[in-house]
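What Swiss-Prot lists as coiled coil is 60-87, and the listing cites sequence analysis. According to Swiss-Prot, the repeat 'WD 1' annotation covers 113-154. According to Swiss-Prot, the repeat 'WD 2' annotation covers 156-196. Residues or ranges marked as repeat 'WD 3' by Swiss-Prot: 200-247. The repeat 'WD 4' annotation in Swiss-Prot covers 250-289. The repeat 'WD 5' annotation in Swiss-Prot covers 292-352. Annotated repeat 'WD 6' per Swiss-Prot: 354-393, in sequence order. According to Swiss-Prot, the repeat 'WD 7' annotation covers 398-428. Taken from Swiss-Prot, the feature region 'Disordered' covers 417-441. For 417-437, the entry in Swiss-Prot reads compositional bias 'Low complexity'. According to Swiss-Prot, the feature repeat 'WD 8' maps to 429-466.
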């Protein structure tokens, strides 16, 4: 008798083995085992039926548990490494310094109301409002601090693919785009009334972003909106008139994502043709192309000036570009499971490998040190730009299904008015000194950084991670 098992456990194991042998047509082996066990095990057809399949279930359970144990051991090792490298002083500094904050499990809130996958999220630049769009055709407005649903905004007739806050000075708007080929503008100060619908694209509109105030030479600063579409074009809109003022053609396939520079001079866009393009908005022409991805590009991001010192080191520059320069470094995420970092000339700086599935969204930390990414592998990954882009934190099982979107709450702007007077999705508007030099809009007090991110998923949930 095994010393590891009690008499009852041994008897159940024998019955399970006999039932298994009988189920796989090894009747002679089953008969032999029963004969050898003799009176120690009483088993009939009913007992065989009862124990049939039990051995396989226990075997698969053990395999699952072993995998879970390995995952937990890996997480524990990562946390221990993080703890070992920290001192009480550095831990205190991290707690006080928002530039060092990174999200960690569990989320502060899990927001549930959508009836189909969540495709996009966006933070109000001033208030604690969070907008989410879904394949269920609705936009939900949440109070992310309280974790409560404020309202459901209806108007689109097909999936909502992207949302963004921004607009002219003095009045923040919410823009949304959809598979119904339209862009809609909503007024948060008037119960999210639909104030304008922008038709014009010939296929699904996959991304929409307000262009920040201060676009060089533009008389419509703050009034511009850019959209990207499956019709292979980017369109620039005047939100006050609803007119399309410019169409940018050059991509040869679906344009899935677009990001404007902080001063509104440049657009960075990419999609199914695997070739990101940096557009000069005033000239309406491509300034640079970026070659390297091996599959569809799902997301793009422009690095803030705070990241320039770290990215300059990675790219081998002796000194970083001027903080007043608005489009020096970029990030792209792809279905090839990689994230790639680029300079403005189209040179590949670094390839980040770690995700096990499509990379769906990117966000640079406002403090400049980190890049965050989410993926269909259900994780959030935090990459440290000061450590050769080492992945310093992984939040596993962020959602129960593919993670489709990620947004960082924009920094609070000190002069924001009651209507949310800020740049695109809270991007600080570029300012000018008395001598005419442009100041770094990210050089504001660190206290303005909001340590809040939101993610959305195919599991129909929005999750908020915050201090």
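Heads up, the Cβ atoms here are built off N, Cα and C, so glycines get one too.
Here the coiled coil (60-87) has Cβ contacts under 8 Å with residues 94, 392-394, 396 of the same chain, all six or more residues outside its ends. Counted with DSSP, the repeat 'WD 4' (250-289) comes out as 0 helix, 21 strand, 19 coil. Helix first, then strand, then coil: DSSP counts for the repeat 'WD 5' (292-352) stand at 10 helix, 23 strand, 28 coil.
Residues of the repeat 'WD 6' (354-393) grouped by DSSP class, helix first, strand second and coil last, total 3 helix, 21 strand, 16 coil.
Taken residue by residue, the repeat 'WD 3' (200-247) breaks down under DSSP into 0 helix, 23 strand, 25 coil. For the repeat 'WD 2' (156-196), the DSSP counts in helix, strand and coil order read 3 helix, 22 strand, 16 coil.
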